[in-house]
Amino acid sequence: MPKAKTHSGASKRFRTTGSGKIVRQKANRRHLLEHKPTSRTRRLDGRAVVAENDAKRVKKMLTG
């Protein structure tokens with residue numbers, strides 16, 4: 001049986017916290033920011049916790 005591999009795309013997009021939660025970056029803050037209000041870009045700052053149902057699938061991809 002070959003070694004299980006981590007999904008490389010998922011490993012770039014998700015991170016696990018110390019408590020075991022999976023976090024992600026918020027969308028819509030990469031480019032074309034000129035016309036977006038500053039309040040919106042601030043709101044999109046930081047990380048967001050992945051929803052429970054999605055977290056199960058993401059965990060499977062990260063553990064390999």
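Glycine is treated like the rest: Cβ placed from N, Cα and C.
Record features (Swiss-Prot):
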COMPBIAS  1-15  compositional bias 'Basic residues'
REGION    1-47  region 'Disordered'
COMPBIAS  23-33  compositional bias 'Basic residues'
COMPBIAS  34-46  compositional bias 'Basic and acidic residues'
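Within the compositional bias 'Basic residues' (1-15), the DSSP-based counts of helix, strand and coil residues read 6 helix, 2 strand, 7 coil. Packing against the compositional bias 'Basic residues' (23-33) from elsewhere in the chain are residues 13-17, 40-41, 44-50: each is 6 or more residues past its ends and has a CB under 8 Å from a CB in it.
Across the compositional bias 'Basic and acidic residues' (34-46), the DSSP tally of helix, strand and coil residues reads 6 helix, 0 strand, 7 coil.
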